[in-house]
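Just below is one structure, and these are the notes that go with it.
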């Protein structure tokens with residue numbers, strides 16, 4: 001027995017590690033170097049440098065990595081040039097590249113470019129799956145191009161697509177966003193005709209439609225239909241009903257529904273607590289809202305930044321910025337990193353209260369965390385600090401603003417400087433300096 005154990009230990013010690021997929025995958029020098037570059041011009045220059053290197057040929061990973069980087073920087077002219085090269089050199093492309101680009105075009109408000117790329121995909125010898133169709137439909141709806149999305153949806157069969165539940169869900173959401181309940185139900189009926197099984201998401205879209213209108217009875221009917229069809233409502237299903245109850249000032253019923261979830265086999269999620277937190281804070285019940293945070297911790301449900309931000313937002317609206325700041329400290333003690341919104345609400349709150357010294361402290365913490373305030377916040381702090389005789393602090397904020405290339409137009413600066421310098425000639429000098437610095 002001792003010998004066997006010794007042998008096993010020796011074997012484990014001597015046996016070489018099995019190579020991971022990452023180690024087996026061939027490293028591409030260009031892709032590795034590209035990761036460290038932020039500037040689109042530098043990225044393109046690196047791409048050209050590698051082209052001029054003897055024996056190196058760009059392939060799909062090189063092209064796709066560069067295209068993604070350029071798309072994130074919205075340099076679509078360069079993106080299209082690279083797409084032409086892909087076609088010219090017959091580089092085999094993956095569908096993921098086009099899906100990502102369609103999404104980028106959508107976020108940049110370029111739905112026509114997204115449509116054009118979707119239609120061109122076959123010319124790149126790239127198979128268009130339902131994922132591509134669903135992506136373009138969603139992109140069109142997000143950009144207010146409902147008629148184009150509807151036309152494409154109706155042409156699915158001609159394009160060789162058989163819509164799935166995701167496709168139908170997108171179109172149902174589109175109709176509901178327009179307030180067209182009857183049209184949405186027609187799409188829902190078409191799902192059944194085509195033997196596509198509705199999902200919980202399908203029902204949640206419709207529950208949300210009625211919940212937002214305060215129609216609890218209609219929403220609950222759909223909720224019950226999920227159960228009748230042998231499916232299980234999820235945390236979102238419950239959250240939508242809870243939101244409706246809260247809108248009707250039925251907080252207790254909403255809270256009871258949340259605790260009943262677990263008995264029905266549905267785990268309580270942050271979204272459910274978020275509904276209750278929002279309702280309590282909105283009604284000014286801050287002590288109860290704080291108790292809800294404690295209750296979450298007791299139940300081992302970790303609050304997230306959004307939960308804290310809900311409470312901070314309403315505290316600041318009620319001019320209780322000191323209490324909001326305590327929540328900020330508490331969340332940091334609990335190991336949560338405040339996000340840009342957290343800091344902005346508190347800095348703006350202190351500014352509204354005329355507590356500019358406190359606002360500057362939070363602004364400093366914000367900038368140390370690599371977050372940035374709004375232009376209006378910087379201006380408000382500058383004015384407030386200088387009016388209170390804190391010239392050095394005011395100039396510090398102004399310099400930080402200029403460093404970030406955040407500068408209002410000339411008229412705004414003149415109004416700002418006039419309020420701080422009493423309209424004397426030095427104000428115009430400051431304006432000139434700031435405009436030239438920007």
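Including glycine, each Cβ sits where the backbone N, Cα and C put it.
Long-range Cβ contacts of the repeat 'PPR' (129-163) within its own chain (Cβ-Cβ under 8 Å, at least 6 residues beyond either end) map to 95, 98-99, 102-103, 105-106, 109, 111, 114-115, 118, 121, 170-171, 173-174, 177-178, 194, 196. If you look up TrEMBL, you'll see 129-163 (among others) marked as repeat 'PPR'.
Look at TrEMBL and you will find 164-198 (among others) tagged as repeat 'PPR'. Residues 130, 133-134, 137-138, 141, 146, 149-150, 153, 156, 205-206, 208-209, 229 of the same chain lie 6+ residues outside the repeat 'PPR' (164-198) yet bring a C-beta within less than 8 angstroms of a C-beta in it.
Residue counts for the repeat 'PPR' (199-233) by DSSP state, with H, G and I taken as helix and E and B as strand, are 25 helix, 0 strand, 10 coil. The feature repeat 'PPR' is assigned by TrEMBL to 199-233 (among others).
Across the repeat 'PPR' (234-268), the DSSP tally of helix, strand and coil residues reads 26 helix, 0 strand, 9 coil. Annotation comment: TrEMBL describes 234-268 (among others) as repeat 'PPR'.
Among residues of the same chain six or more beyond the repeat 'PPR' (269-303), those with a C-beta under 8 A of the stretch's C-beta atoms are 235-236, 238-239, 242-243, 246, 251, 254-255, 258, 261, 310-311, 313-315, 318, 320, 323, 331, 334, 336. Taken from TrEMBL, the feature repeat 'PPR' covers 269-303 (among others).
The DSSP breakdown of the repeat 'PPR' (304-338), given as helix, strand and coil counts, is 26 helix, 0 strand, 9 coil. Annotation comment: TrEMBL describes 304-338 (among others) as repeat 'PPR'.
Among the features that TrEMBL reports, repeat 'PPR' is placed at 339-373 (among others). Across the repeat 'PPR' (339-373), the model assigns an average pLDDT of 94.
Taken from TrEMBL, the feature repeat 'PPR' covers 374-408 (among others).
Remote same-chain partners of the repeat 'PPR' (339-373), defined as residues 6 or more beyond its termini with a Cβ less than 8 Å from a stretch Cβ, comprise 305, 308-309, 312-313, 315-316, 319, 321, 324-325, 328, 331, 380-381, 384-385, 388, 390, 393, 397, 400, 404, 406.
Non-local neighbours of the repeat 'PPR' (304-338) in the same chain are 270, 273-274, 277-278, 281-282, 284, 286, 289-290, 293, 296, 345-346, 348-350, 352-353, 355, 358, 362, 369; each lies 6+ residues outside the stretch with a CB under 8 Å from one of its CB atoms.
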